[in-house]
Amino acid sequence: MAGPSMCSLEEGIHRQSWFCVLNLGTLPSCSYRVLSPRSLMPGRLELEARRAGGPSVLAGVRKDVLVVTPWLAPIVWEGTFNTDILNEQFRLRNTTIGLTVFAIKKYVAFVKLFLETAEKHFMVGHRVHYYVFTDQAAAVPHVALGAGRQLSVLEVRAYERWQDVSMRRMEMISDFCERRFLREVDYLVCADVDMKFSDHVGVEILSPLFGTLHPGFYGSSREAFTYERRPQSQAYIPKDEGDFYYLGGFFGGSVQEVQRLTRACHQAMMIDQANGIEAVWHDESHLNKYLLRHKPTKVLSPEYLWDQQLLGWPPILKKLSLSAAARGSGRAAGIPVSFLPLVLAELVKSASFLRPVESNRSLGPAPTSNHTPLPSPPPPPPQRHDYIHRHTHT
């Protein structure tokens with residue numbers, strides 16, 4: 001019996017790289033351990049795909065932004081995936097996607113717009129189960145849903161402070177993963193309710209574990225990230241560590257991975273509470289710590305959540321999938337929770353007496369890309385953030 005045919009190292013690299021091209025371009029996760037480092041060079045993936053005899057799936061890959069993390073997870077931008085191929089793959093699997101939002105107290109006013117725009121743009125053509133956590137079940141409006149899409153209203157208690165609602169979200173999601181989500185859906189997406197969908201958000205985001213780059217800190221140096229810097233907190237990240245700053249308002253993955261994430265964050269917050277400390281940005285601080293220690297298998301670009309009113313429209317944006325709901329009217333108007341770190345940082349930046357003392361200490365390189373970085377706001381002073389929160393969310 002003849003043994004397996006032998007191939008050169010170069011041929012093996014090409015075959016492995018083509019396998020990973022398919023994963024990066026058309027599958028929900030990437031087996032990146034076999035990817036040749038040379039294939040990360042500009043144009044290399046396309047060249048190796050052609051040598052392997054495959055189609056030119058990467059003809060439109062972005063060259064103006066970072067599209068792969070240092071640990072070789074794809075960063076999803078418009079133009080880096082094939083929607084038709086992905087849709088077919090997930091339809092064959094009969095995938096069901098869960099989408100959770102928390103509509104506590106005044107935030108129930110955002111549910112209607114959130115659901116109506118999700119019906120137009122979120123996972124169109126796939127089975128979707130919306131989960132609305134609220135303390136006002138009767139106030140959740142009726143929204144017409146498409147075929148294969150359903151809504152469950154989950155009653156939970158309200159908390160006096162919005163910070164407590166934000167932090168307890170991790171506990172509630174973890175609990176319901178065990179009680180319902182593991183049986184009802186394949187993937188879980190966790191979003192803030194004070195947002196609206198403006199463009200396509202589809203199965204290209206799905207992966208065992210994904211996070212979203214915070215638009216206010218994309219391209220910023222590590223020292224500008226508003227991580228928790230106090231060693232007493234479980235969310236503590238030293239100044240010489242950090243990959244990206246992730247948004248607390250849009251993350252997810254498989255139900256199993258989301259359960260691990262939310263359970264770990266909740267446990268860390270309970271330890272902090274017992275020690276009399278609260279992370280500077282609450283659950284978002286703990287999310288960033290978790291994703292630093294447990295690297296996401298996919299990272300979403302700022303195209304997936306952006307605020308044009310606060311940040312303008314830089315040329316790197318090819319679409320805008322999620323944005324802040326309209327402000328200035330209604331009792332729930334105000335600054336979206338997800339953008340508070342940025343807003344406060346800009347307030348601090350404009351106040352010269354609050355600027356931190358400059359340091360000559362090198363913090364080491366942070367992930368970079370070829371685009372022009374957005375302005376890098378300094379981290380906010382912890383002693384002032386509660387003031388801003390109280391006056392924008394009460």
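Glycine is no exception: its Cβ is also placed from the backbone N, Cα and C atoms.
Features reported for this protein in TrEMBL:
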ACT_SITE  Glu284  active site, nucleophile
BINDING   Phe102, Ala103, Ile104, Tyr107, Asp192, Val193, Asp194  UDP-N-acetyl-alpha-D-galactosamine binding site
BINDING   Asp192, Asp194  Mn(2+) binding site
COMPBIAS  359-372  compositional bias 'Polar residues'
REGION    359-394  region 'Disordered'
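Structural mapping of features recorded in TrEMBL.
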residue	record	Cβ neighbours (10 Å)
Phe102	UDP-N-acetyl-alpha-D-galactosamine binding site	24
Ala103	UDP-N-acetyl-alpha-D-galactosamine binding site	24
Ile104	UDP-N-acetyl-alpha-D-galactosamine binding site	21
Tyr107	UDP-N-acetyl-alpha-D-galactosamine binding site	23
Asp192	UDP-N-acetyl-alpha-D-galactosamine binding site	24
Val193	UDP-N-acetyl-alpha-D-galactosamine binding site	26
Asp194	UDP-N-acetyl-alpha-D-galactosamine binding site	28
Glu284	active site, nucleophile	28
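The record assigns Phe102, Ala103, Ile104, Tyr107, Asp192, Val193, Asp194 to the UDP-N-acetyl-alpha-D-galactosamine site; their largest pairwise CA distance measures 11 Å. A gap of 18 Å separates the Cα atoms of Tyr107 (UDP-N-acetyl-alpha-D-galactosamine binding site) and the residue listed as 'active site, nucleophile'.
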